[in-house]
Amino acid sequence: MASTERNFLLLSLVVSALSGLVHRSDAAEISFGSCTPQQSDERGQCVHITSCPYLANLLMVEPKTPAQRILLSKSQCGLDNRVEGLVNRILVCCPQSMRGNIMDSEPTPSTRDALQQGDVLPGNDVCGFLFADRIFGGTNTTLWEFPWMVLLQYKKLFSETYTFNCGGALLNSRYVLTAGHCLASRELDKSGAVLHSVRLGEWDTRTDPDCTTQMNGQRICAPKHIDIEVEKGIIHEMYAPNSVDQRNDIALVRLKRIVSYTDYVRPICLPTDGLVQNNFVDYGMDVAGWGLTENMQPSAIKLKITVNVWNLTSCQEKYSSFKVKLDDSQMCAGGQLGVDTCGGDSGGPLMVPISTGGRDVFYIAGVTSYGTKPCGLKGWPGVYTRTGAFIDWIKQKLEP
């Protein structure tokens, strides 16, 4: 049996022993050395689980998501056989800021998450982690993958017809990052469609709530999806919808109200520090969405693909035949036969996992801009707006 499975089995055995508040012994105040917590950059202490409310409360949650199970198992740092009771013996790596008295077992969004203002970007202790125009040749995601993915919902003028035409990524409690052409384009003008709302926490557009059956036969359902009306769209001032180059193809969508984070609704991280200037050449990245499949029909289920980033010079050589001139604010990825972003995935994130504080954190390296028609042509990568080139612009546009 794998170490992770053994650890979780041990933690599972104590669930039935937890009822209401966990009683702490004097030994629970002892630290067994420093450690690196699973979901925090700060240093942690190896302590009794009863001294770590964050993990003690999580232990009492049923049913647990796969990510919660993994977090619990990987957080265990030992056993203290000097004390009585299986619960009291478990040692976990707890971030210093999360130690203290045990709180109520009912899980609720943290105060920090619930009250975060629109001009505040979350740290990588909150954003970019998993509790998995255009996806072509993709595979299904799991129910919990990419919780920052959103659908942009459009309403036709003088009609009650709604459609999902673009994707995007949640940046914080109030803003979504998407492509400029998702807010201004000839196609939108012709169709008479206007951006109306944003859907969060979606996986399968045919069902609400979304449910999945695990290998052990247990059926788990996510909360119902959330539709929030748009307060305003902010298109980059230098974006020209009719330009063949499609530079500055980036936009922000401000929601009418703040959204609280959950396992199924969570922001992705913006590039920071050295990632801002990184062009990510030869990196493998993930793209996800509900766009057209190889059958040229929108996918009901969120799909994902893995693409490799091209050298910009090589990409320019491909697109020069279309008189396209790429610059450093753009990047290219993909080009594998039958694997591409496609109609409906525009505005979605190009995601790169970076090991941070002992876990993978997803950053939004790019925003889906455009590609070839038909999608998925061998040797033709898709073009993305490079997010790192617009960090200052994004921060300037955020409001409380």
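The backbone N, Cα and C atoms fix where each Cβ goes, and this holds for glycine too.
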Whichever of Cys315, Cys342 is disulfide-bonded to Cys332 when Swiss-Prot is consulted: Cys315
Sorted by sequence, non-Glu202, Asp204, Thr207, Asp210 residues with Cβ within 8 Å of centre, Ca(2+): Trp203, Thr205, Arg206, Asp208, Pro209, Ala222, His225, Ala300, Ile301
Neighbours of Cys211 (disulfide bond) among the recorded positions His181, Glu202, Asp204, Asp249, Ser346 (Cα to Cα, within 10 Å): Asp204
For Cys77 (disulfide bond), the number of other Cβ atoms found within 10 Å of its own Cβ: 20
Least surrounded among the disulfide-bonded residues, given as Cys52, Cys221, Cys315, Cys332, when other CB atoms within 10 Å are counted: Cys221
Cβ neighbour count (within 10 Å, all chains shown) around Cys182 (disulfide bond): 28
